[in-house]
Amino acid sequence: MTDPVPFHALSTDEALTRLNARPTGLTRDEAARRLAEHGPNRLPEARSRGPVLRFLAQFDNVLIYVLLAAAVVTAVLQHWVDTGAILAVVLTNAVIGFIQEGKAEAAMGAIRSLLAPKAAVLRDGQRVSLPGADLVPGDIVLLEAGDKVPADLRVIEARGLAAQEAILTGESVPVEKDTRPVAADAALGDRRSMLWSGTLVTQGTARGLVVATGQGTEIGRIGGLLAGVEQLTTPLVQQMDHFARWLSLLILLISALLLAYGYFVGHQDFGALFMAVIGVAVAAIPEGLPAVMTITLAIGVQAMARRNAIVRRLPAIEAIGSVSVICTDKTGTLTRNEMVVAAAETAEGAFTVSGDGYEPRGKITPAGDLARLARAAALCNDAALHERDGQWFVEGDPMEGALLAFAGKVGEVPPATRLDAVPFDSRHRYMAVLTGDGLTLVKGAPERVLRMCGDIDHAHWHDRAEALARQGLRVLAFAERQQAGDRIDAKALEGGLRFIGLLGLIDPPRAEAIEAVAECRRAGIRVKMITGDHAGTAAAIAAQIGLAQPGRVLTGADLDKLDDAQLALEVMDVDVFARTSPEHKLRLVTALQANGLSVAMTGDGVNDAPALKRADAGIAMGLKGSEAAKEAADLVLADDNFASIAAAVREGRTVWDNLRKVISWTLPTNAGEASVVVLALLLGLALPVTPVQILWINLITAVTLGLALAFEPTEAGTMSRPPRPRNAPILTGGLVWQVILIAGLFVAATFGLFNYAIDQGYSLAMAQTMAMNMIVVLEIFNLFFIRNMHGTSLTWEAVRGTKVVWTVVILVTAAQFAVTYLPPLQAILGTEAVPFGYGLLIVGIGVVFFAVVEIEKQIRLGLRDRPGGTEESA
Ligand code: ATP
C-alpha cells in the first residue's frame, strides 16, 4: 500500500513524515537498521569481460594467426614435433598474456575504489562524513557547490541551489532547485524539489532528505553503472600498438617474399623453408611489446597510488612525467591547512592569541572585550569541533574550525538559529548569515568586507590587514548589521555594515612541500603559486616555501588588465598570483602553454574544472576538493599535499623511462634474432638456430626478460634531468642507431660462434644449441645494459639489480639449462648437451658484447655532457 503521491509533490514536512525522518537526521542505530533493510547505496559495477572471453582475446593477434596456420601446414606435412611445439608455444603465450592482463585490470580496479566519494550526513544530530554507500532513506545530506549528489534527495533546505543533470536529462544548463513541491506529473527535468543521484551541484548549498538509494534511484532505474575500468592505454602505448601492427604486416610481407625467393629461386625444400620463414616472422615481430607496456603502465599507476597520487585518466601518467611547470594552490597543498588564530585586531587594539590546534582553550593578551568578534566568528560559520580522547577535530573547513576554537578561547557564544545565509564563494570572497534575532554577520577577505562597511578609517584598516598579511597570516575581516525581515538583502550589505575587527590565522608551510619545491626546481620544473589569498600572505608563504621569485605578485585585478599576449610574457617572470578566481587559472594555463610549457594545474572548487581540463595534467585535491574538480582532473591527490605532486612527476618520469627501456630492449633484440635467420636464408646457409628454437626464445624467454623492465625502479638522477620536451618522439634517431648496433652485434656473435663450432667439427644440432644459448645470453646482458639508460651499468647498484631482474634471469637461465641438457626437451627443441668450456665461452662473448655497448653508451653520454650538453647524465 504505497502512497501514490511522489516525493517531489509532497511538502518537505510530508516527505519527512513519510520516511519517519527528522531534519536533524537519523540516529546511528536507526541508520544501521535501515542499511540492513535497504542494502548499500551502490550501483552495480560495469561488468568487465569474463575470463573465457579474456582468454580467447589473447589469440586475437596477427602473429598467433600465422602460427596457427603454420601448425596446420606442419601437420599436413606431418612434422608432428613442429606442430606440437608451435601449439605449446601459442598456448603458453596466451596463458602468460592472460595472467598479465588480469593483474593489470585488478590494479586499475583497486585504484578506482580509492576514488569512492564521501557524503556529509547528519547522524544523531551531528555532521559526519560517510562513504556514499552507507546512505539510507531518511538520512539528511548536506551539499555544497561542487558536490556530487550521492542519492535521490528531496530538497528540504536550499540557498542559491542549482544542479547540472546532464547524465539524466541530457540538459547541460544547470537547473535551479528549491524546496517547493511541484506537480505530481512533472517531467524529471522539472522536478525542482529533487536532487538526483549522480548529478552535480553547481552552486549554492542544500540539505536533502534521502528518498531512494542504490538501484532505487533514477540513475539506477535507467540502468546507470559505475564507471567501468578504463582501458590501460596511453598515447605512447597506442602509438606503439599501431607501430607493432604495421611492423607485423611488413614482416609477414617480407616473410612471404623470402618464401617465394627461397622456393622459386633457391629451390629449397618447401617444408624446411616454410618453417624457417615462420621463424623469421616470429623472431622479428615484437609480439610481447604491447603486453609488457601495459604492465609497465599498471605498475606505474600502482606506484603513484602508493605515493598518494591517484590516476583517473591514464594518459596523464605520461603527461605528468613531462610537466615543465606546476601551478599549485596554496592552502592545504603548500601549507598544512591546520589553522590557528594567532592575532586579533579591533578598534580597541591588537591582541595575540595562544593555544594549539583546535582546542578551544588558550590565552588572549592583553585582556579586552572580544565578544562581538567571537560571536561573528562562531555564528558566521559552518564547521563543527568534536573532542575525541582529549584531541580536538574539525568537521568542515579547517579555517572555520580555527574560528570556533578562537571563539571558545574568548568565552561561550550562545547558539542562535539561522534564518538565511549567503554561502562563501571564491568570486565574492565573503560569507554572511542572518540569525534569529535579526543580526547579519559577515566574514570575508578584508578588502571586500571593508568595502561593505560605512564610516570607518578605511586606509588605517587596509594598512593593518596588510601588516598582518606580510607576516604570512591569512586575514579575515568581520562586520555586522541589525536588520528586519528574514532574508539577507545582499545590496543592503554594501556600505551598510558596522566593522568589528580582523583576525589573523597561521597556516604553516608543510615541511615536505619545501623539500618537494626544491626537488622540482632541480628537475627543471617551475613552481607557481595560484591562490585566492591576499597578495601579502601569498608572498610571505612563497618566500618560506622557497619559490624562485616570491617577491613579485600579480593579483587577479592585475591579470584582468593584461591581454593574452601580455600575460604570456608576464607569466614567465612571476611565480605568485594572489586574489585570483578560477577564471584566472584558465587564462594562466593557456598563457603558460603558449610559451610551450607543459602545465600541471591543481584545483579544488567546482569552477576550477575548465582549468583542470585544459591543463596537460589536471590535479584535484582528494580531501578538500569537490567532486566536480575530481571528475575534471587527470590525477587526484589523496592527501592534498604538494609533495605528492613531485612524487607523481618522479613516478611519471620513471614510467616513461621504463616504457622506453622496454622498447629499447625489445626492438634491437627482435631485429638481432631476425637478422641472423634472414642472413642465413639469403646466403643459402644452414640456419644457426632452428625455427622451433626461435619460437622458444621469442615467445618464452624474451617476454619473461622484457617484463623485468616494467618493474624497474627510478634511476638515480631522474629528478635532476630537465623535463623531456612536449611531444618528444619515442622512435628517435638514437633508438634506430641502437637497433642497428645491437642487431649487428647479435649477428656477429651468433654467426661467429656457430661457424666456429662447425669448424671445430661439432654437429649441426650442437652448433645450433650453442647459437640459441648465445642469443639468450646476449638478451640477458642487453637487459643489464638497458636498465641504466642514463648512467653507467658498472656500479655495485647496477650489478645488484633488483629482485625482479634476478628472478627472471635465474628463471630463464634454469630454463636454458633444462632445454639444453634434459633429454625430453632436447627431443622437442633438437638440442644437444653443450660442453662446459663452450658454456663459458658463450658467457665470455656476452661479457664482450656488454663491454662494447657500455663503452659506446659512455662515449655518447660523454659527448652530450660537453659544454652545451644537457644535465642528462649528471
Ligand atoms: P588556495 O586554496 O587557492 O590557496 P584559498 O583557499 O586561500 O586559495 P579562497 O578559498 O578562494 O582561496 O579564499 C580567498 C579568500 O576568501 C581568503 O583569503 C579569505 O579571505 C576569504 N575566505 C576564504 N574562505 C572563507 C569563508 N569560508 N568565509 C569567508 N571568507 C572566506
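Glycine is no exception: its Cβ is also placed from the backbone N, Cα and C atoms.
Noted in TrEMBL for the protein shown:
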type: DOMAIN; residues: 6-79; note: domain 'Cation-transporting P-type ATPase N-terminal'
type: TRANSMEM; residues: 52-77; note: transmembrane segment
type: TRANSMEM; residues: 246-264; note: transmembrane segment
type: TRANSMEM; residues: 270-303; note: transmembrane segment
type: TRANSMEM; residues: 670-689; note: transmembrane segment
type: TRANSMEM; residues: 695-714; note: transmembrane segment
type: TRANSMEM; residues: 735-758; note: transmembrane segment
type: TRANSMEM; residues: 764-784; note: transmembrane segment
type: TRANSMEM; residues: 804-824; note: transmembrane segment
type: TRANSMEM; residues: 836-855; note: transmembrane segment
Honestly, do the transmembrane segment (764-784) and the transmembrane segment (270-303) touch, with at least three Cβ pairs under 8 Å and pairs 6 or more apart in sequence?
no
Highest-contact recorded stretch vs the transmembrane segment (270-303), from 670-689, 804-824, 836-855, CB pairs under 8 Å:
670-689
Cβ under 8 Å to the transmembrane segment (804-824), counting only same-chain residues 6 or more beyond its ends: which ones?
696, 700-701, 704-705, 707-708, 711, 769, 773, 776, 780, 783-784, 787, 831-834
Could you tell me what the rest of the chain brings near the transmembrane segment (695-714), counting residues at least six beyond its ends with Cβ under 8 Å?
67, 85-86, 89-90, 92-93, 96, 100, 279, 282-283, 287-289, 291-293, 295-296, 299, 650-651, 653-654, 657-658, 661-662, 665-666, 669-670, 673, 689, 772, 775-776, 779-780, 783, 786-787, 802, 804-805, 807-809, 811-812, 815-816, 819, 829
Counting only CB pairs under 8 A, let me know which of 246-264, 735-758, 836-855 has the most with the transmembrane segment (670-689).
735-758
Using DSSP, break the domain 'Cation-transporting P-type ATPase N-terminal' (6-79) down into helix, strand and coil residues and give each count.
43 helix, 2 strand, 29 coil
Give the mean pLDDT for the domain 'Cation-transporting P-type ATPase N-terminal' (6-79) on the 0 to 100 scale.
86
